[in-house]
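Feature annotations, reproduced from TrEMBL:
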- 124-145: transmembrane segment (TRANSMEM)
- 157-177: transmembrane segment (TRANSMEM)
- 184-202: transmembrane segment (TRANSMEM)
- 214-232: transmembrane segment (TRANSMEM)
- 244-260: transmembrane segment (TRANSMEM)
- 272-290: transmembrane segment (TRANSMEM)
Ligand SMILES: [Zn+2]
């Protein structure tokens, strides 16, 4: 089987045992007949599990059982922990947690739509684009965790980075609210870098660690930039960005769950828990956005009165 040392378990999907099991399953299911296909329930058909996927799924659980029986650490398969599928959703807890993030984002999007006219309130057009990127990202996160394919992985990874980089860009745009040219000069290279990274992800066989480092870099940088701005506002006597500061501390703490990368317990691995802990964050962040737009509106009116 090739797993004498427990330290090799993380790379087990590359071992001959896993490949051999898949070959055996494929031979057994070589004629995955219509009758066998009919045994799959509707949700499996809807989520498009084919013979190859079925083989991989059943092989995975055979290997997990072998590992458990021999007292070895739980292995990962193609970089992911094994999960019992529910209604043919591969990672049901991550799907559920992604849905909660989407729901809280959509709820706050509605609040912003109802409160401000797009053409009149400062920064509101930007925030609508920002929120729509987040909504699309959470939809693809649900799809990816429901069914892991090359396409869904690419979409999830590309949009997750879009969401993180938008948070960084939002800090740049807000901090330089009064300096339009400098804003454009700084945002353009960021957008170019994002496009280049998406092309890199699209080429396939990308370095997962490198991709994670890029996400962490922009996420942490955005948190530091926003936190520094909160501190500056506090020193100026403005306390309304407290929700933003809490958002930065909360999201930074939650990130440790993603970095720990622990195995599942009762169906929840640290990645699913990370998604769960980020679900209330849109409520904090967009309530800050509402306060900030109101603040900018007051400043705009004061400027207009002065120029009269
Ligand atoms: Zn995820």
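Here the Cβ of each residue, glycine as well, is placed from N, Cα and C on the backbone.
Those TrEMBL annotations? Automatic predictions, nothing curated.
Below 8 angstroms of C-beta separation, residues 89-91, 94-95, 98-99, 101-102, 105-106, 108-109, 112-113, 116-118, 152-153, 155-156, 159-160, 162-163, 166, 170, 173, 275, 282, 286, 289, 293 of the same chain, each at least six residues beyond the ends of the transmembrane segment (124-145), sit close to that stretch. Beyond the transmembrane segment (272-290), the same-chain residues lying 6 or more positions past its ends with a Cβ under 8 Å from any Cβ of the stretch are 91, 93-94, 97-98, 100-101, 103-105, 107-109, 111-112, 115, 127, 131, 134, 141, 240-241, 243-244, 246-247, 250-251, 254-255, 257-258, 264.
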